[in-house]
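**Student:** Look at Swiss-Prot and you will find 249-256, 591-598 tagged as ATP binding site, backed by sequence analysis. The annotation compositional bias 'Acidic residues' is assigned in Swiss-Prot to 865-874. According to Swiss-Prot, the feature domain 'Clp R' maps to 42-184, an assignment based on sequence analysis. The domain 'UVR' annotation in Swiss-Prot covers 458-492. What Swiss-Prot lists as region 'Repeat 1' is 45-110. The feature region 'Repeat 2' is assigned by Swiss-Prot to 120-184. Marked as region 'I' by Swiss-Prot: 204-451. According to Swiss-Prot, the feature region 'II' maps to 517-708. Among the features that Swiss-Prot reports, region 'Disordered' is placed at 852-874.
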Amino acid sequence: VAVGNNVLDTLGRSRQSFGGKVRQAMNVPKGKGSRGVVKAMFERFTEKAIKVIMLAQEEARRLGHNFVGTEQILLGLIGEGTGIAAKVLKSMGINLKDARVEVEKIIGRGSGFVAVEIPFTPRAKRVLELSLEEARQLGHNYIGSEHLLLGLLREGEGVAARVLENLGADPSNIRTQVIRMVGENNEVTANVGGGSGTNKMPTLEEYGTNLTKLAEEGKLDPVVGRHPQIERVVQILGRRTKNNPCLIGEPGVGKTAIAEGLAQRIASGVVRETSEGKKVITLDMGLLAAGTKYRGEFEERVKKLMEEIKQSDEIILFIDEVHTLIGAGAAEGAIDAANILKPALARGELQCIGATTLDEYRKHIEKDPALERRFQPVKVPEPTVDETIQILKGLRERYEIHHKLRYTDESLVAAAQLSYQYISDRFLPDRAIDLMDEAGSRVRLRHAQVPEEARELEKELRQITKENEAVRGQDFEKAGTLRDREIELRAEVSAIQAKGKEMSKAESETGDEGPMVTESDIQHIVSSWTGILVEKVSTDESDLLLKMEETLHKRVIGQDEAVKAISRAIRRARVGLKNPNRPIASFIFFGPTGVGKSELAKALAAYYFGCEEAMIRLDMSEFMERHTVSKLIGSPPGYVGYTEPPQLTEAVRRRPYTVVLFDEIEKAHPDVFNMMLQILEDGRLTNSKGRTVDFKNTLLIMTSNVGSSVIEKGGRRIGFDLDYEKDSSYNRIKSLVTQELKQYFRPEFLNRLDEMILFRQLTKLEVKEIADILLQELFERLKKKEVELQVTERFKERVVDEGYNPSYGARPLRRAIMRLLEDSMEEKMLAREIKEGDSVIVDVDSEGKVTVLNGGSGTPTTSLEEQEDSLPVA
């Protein structure tokens, strides 16, 4: 038993340590000359053969011998017990006990002192070498216990031969039995694999997968469409020379599926006679190269592979990612797989289908014209949306079986259409299949959830189990009560779960075929992937969209034209009426400073996209020099910053549904506008790495102060004239400013914008409304410090008088509030005259000075309640 345990422990170690032990035991130096021999000794040993050698060493230790001879190997073969060798010896009536007795009779026991590493005798080394030869003769690329026994018998001399003779075994009979059992084993594995008789293609079976066999067993997904490509592949395969098609297409368009489609056609017999009876075998290049540590080993594998294919004449080799052939196995002057295969590929000895992407084909295969001419390119285009829908319908059944649910026709159409429209950096049908798969997973998880009541009971059950374990050793009465409650809870949980199962069973019996994946599930997955709202407009959201102007006006005072234009654009996009190949909308806001151009963009981002951070803001004053354009799309290769992410394209890739604000657009270098032409017209831009970024779901807003001087000169009367005069003055100024814009920006840039919106100068009444908003923000900040602030109407008038300047908009108002109110407040707060919990009133005295009073020491002219009624909520 001790021997067995030691062996099982040792078996857990790596083959490398075993190889080292064998090398040491055989006293073979680790130089170059010995590598091939030593590799042959231990690299190909099966687990059972390793176990035999370990057992042989244990037997040597048990007998106290300082060597492993043929007799110890024989004892190891018998002791292993499960291999072919052990079974044959057992059938001959040879057991471990008798064999040990015979060995002890012949060589006796040793001195008792045994070295850690026990060496092999020259005869034992000879047995190992002969076992390798026996394996080669049988066409095996491994050494098992049966090969060790054959090597032992072939040696014919030594203690082991005498032991077998003494036990009455006939070596030739043993050899016959071993070869017969090896043949039977091969027949069984060959029949299971679908071959006939012995294993004629061990290398192909080891490094390849038979797609035709998988197709016969129905394990491949159905291939829908792609008839022209499959026909062209069959046509090329039927050529006399250079009969090697190479499938070239973008990732995810279905190149591997074409090879699977060919395998399915061959399996079903629907194929031309030139390809009838063929086998499509896909080669695993990683597995082929794995473990080839020694020079020439990789080449040897490839040559064996080619020989097997030539002999068979019915193999079509499929190499996915065919560019991996180039450089595979090439180390220190060794030739790579591509160069080994070239002669066979040109002469038509090898039928090979390759598959690779356009980029990899250009990067690797086109650089080697000798390899390129041997492959006939077959372009695999991306399927259209209609073709993708047909593909999804073909795959529907497989996914329904996997997820245990049903897909509606609408959900499949939505998966194809929405993936085409919104997931721009991937290709059909891959992105549509992924949508369909994840939607199925989501629906299944939603229906598999435990009922809420059962979850609560399970939570209580865990708590009681924990308490029960804590009190079990001390308070038996409490432990008993807890145990009873635990049993009750378990029964309740089981009852709820059983009820759920009965309900689902009843549903299936009444014809309800389980959960359904609908269009809304697909829409939800698209939203979670991209952040784009594609669900149908709900009732709540339609109210939100209809009241958009009203909500935006709470933050942006005046500027009706701009607010209406933005609201119209958002409604068009959400209802689905916008052009799908252009951005949601593109505006340029121009007008005097401080009238709400940037504020409107921020308000829109906060209101509709959730938060102000949802906006991508680019301050164009940072792009005043020509070379700074590279910040937007990335530096070209070879320049500093090539590895850094571009500011614009990367931000839009991360968040494709957003507002992009180009602030102070006229400050940028004119070359920046050239880059923006494609964004405005086609909704796309290519970054420095060649990746196309989609701007079709962005709202582009540019702000500019061009024409401020014209507005200031011609617009002094805006806000003070009668209504009809107001409009005529506004239109007159707009035409003047548009003329100035045309002088500054190129016509092709202005022509691509949806609308150019002039912001009006603010009137005094509008400035007063803005003052209410700014004061309300200050009240909110002070509330967090538990200070209640009120201002009188007189103070408010003073702030508006000081803060109103038609040329500068609302910004002077902020400075006036800072100077008149915030400065007075901070002095009082630092002097501890105003503390937490105080109610403060700010007024203006008869001399025009600002006074700050605590609630008890003065009476405000406007109470807080009255004030809040008159203030819009921020």
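For all residues, glycine too, the Cβ spot is worked out from N, Cα and C.
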**Student:** Rank the binding-site residues Lys255, Lys597 by how many other Cβ atoms lie within 10 Å of each Cβ and give me the one with the fewest.
**Tutor:** Lys255
**Student:** Which one is it: of the binding-site residues Gly249, Pro251, Gly591, which Cβ has the fewest other Cβ atoms within 10 Å in this structure?
**Tutor:** Pro251
**Student:** Which residue counts does DSSP give the domain 'Clp R' (42-184) for helix, strand and coil?
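**Tutor:** DSSP composition of the domain 'Clp R' (42-184): 98 helix, 4 strand, 41 coil.
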**Student:** Taking the binding-site residues one at a time (Val253, Val595), which has its Cβ surrounded by the most other Cβ atoms within 10 Å?
**Tutor:** Val595
**Student:** Tell me, by DSSP, whether Lys255 (ATP binding site) is helix, strand or coil?
**Tutor:** helix
**Student:** Restricting to the region 'I' (204-451), report the mean pLDDT as a whole number.
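**Tutor:** Computed over the region 'I' (204-451), the mean pLDDT is 83 on the 0 to 100 scale.
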**Student:** Give the helix, strand or coil assignment DSSP yields for Lys597 (ATP binding site).
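**Tutor:** DSSP call for Lys597 (ATP binding site): helix.
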**Student:** Using all protein chains in view, find how many other C-beta atoms are within 10 Å of the C-beta of Thr593 (ATP binding site).
**Tutor:** 15
